[in-house]
Amino acid sequence: MRLIIKNSYEDCSKWTADYICNKIIEFKPTKEKPFVLGLPTGSTPLGVYKELIKKHKEGILSFKHVVTFNMDEYVGLEASHPQSYHYFMMDNFFNHIDIEPKNIHILDGMAKDKKKECEDYEKAIRSYGKIHLFLGGIGADGHIAFNEPYSSLTSRTREKTLTRDTIIMNSRFFEGNEDLVPKTALTVGIGTIMDAEEVLIMATGHAKAEAVHQAVEGGVSHVWTVSALQLHPKSIIICDDAATDELKVKTVKYFLDIEKGNIETNVSRK
């Protein structure tokens, strides 16, 4: 596992966007061999999406041969609902880049047969071989996507009941009304994420400090689903200073020292 520590959220966003940009460009994707990218929603990746849009508009990066799979979607919300993750992704990212609509994959929270929808999603991922890079964020309780505490670390895409904490946290997007927050969601599993060639997780702010501590210094446990990253051959957590508040001083020093040669991922393409 790599732990990248930056000064601020803005620095984390720029580093992450540069990293993704480099990966796509180095892959040299084509129609026959697209780059497959896993994506999250929420406030954490917004800065990354803005940076990637900027790179696209500057002619540095094209998404024409990029295929995306989103992590999750609320059950019961139409794609046109302002708080659906379909709407979020179109409004904050896809409408601003040159990605082919057919290459966008987001779970359908209105599917009549949710089990089949989840099984088909797994099949769609497998049809491309694998996800090359899965970007994600984590909750204060260490959940990735909607894999809440005590989720199986080998889980696949399925319907999950949201915890009380998650409903309270997400109510800020629903006029502060917890009753308006969907109680279940379709989500990729921890096993689905772990199958990716590479996993990159963003964690910023003091509220994520305990989750970062458990992910890096704690043992592997389904209580903190993010801890599964310890078993991944190529996982990265990028965080700001505030998110390291619960780490041991020697842990922070270790990662700062070992990453000195890797800390910058500047993109300079014309």
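Each residue, glycine too, has its Cβ placed from N, Cα and C.
Swiss-Prot has this to say about the protein:
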ACT_SITE  D72  active site, proton acceptor
ACT_SITE  D141  active site, for ring-opening step
ACT_SITE  H143  active site, proton acceptor
ACT_SITE  E148  active site, for ring-opening step
SITE      S151  site 'Part of the allosteric site'
SITE      R158  site 'Part of the allosteric site'
SITE      K160  site 'Part of the allosteric site'
SITE      T161  site 'Part of the allosteric site'
SITE      Y254  site 'Part of the allosteric site'
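Among the recorded positions D72, R158, Y254, not one has its Cα within 10 Å of the Cα of E148 (active site, for ring-opening step). For Y254 (site 'Part of the allosteric site'), the number of other Cβ atoms no farther than 10 Å from its own Cβ, over all displayed protein chains, is 13. Comparing Cβ neighbour counts within 10 Å across the recorded sites S151, T161, the minimum falls on T161. For R158 (site 'Part of the allosteric site'), the nearest of the active-site residues D72, D141, H143 in terms of C-alpha separation is D72.
Cα spacing between K160 (site 'Part of the allosteric site') and D72 (active site, proton acceptor): 10 Å, rounded to the nearest whole number. Rounded to a whole number, the C-alpha distance linking D72 (active site, proton acceptor) with T161 (site 'Part of the allosteric site') is 12 angstrom. For the recorded sites S151, T161, Y254, a Cα-Cα cutoff of 10 angstroms around H143 (active site, proton acceptor) retains S151.
Long-range neighbours of D141 (active site, for ring-opening step) (same chain, six or more residues apart, CB within less than 8 Å of its CB): E148, P149, T163, D165, T166, A211, W224.
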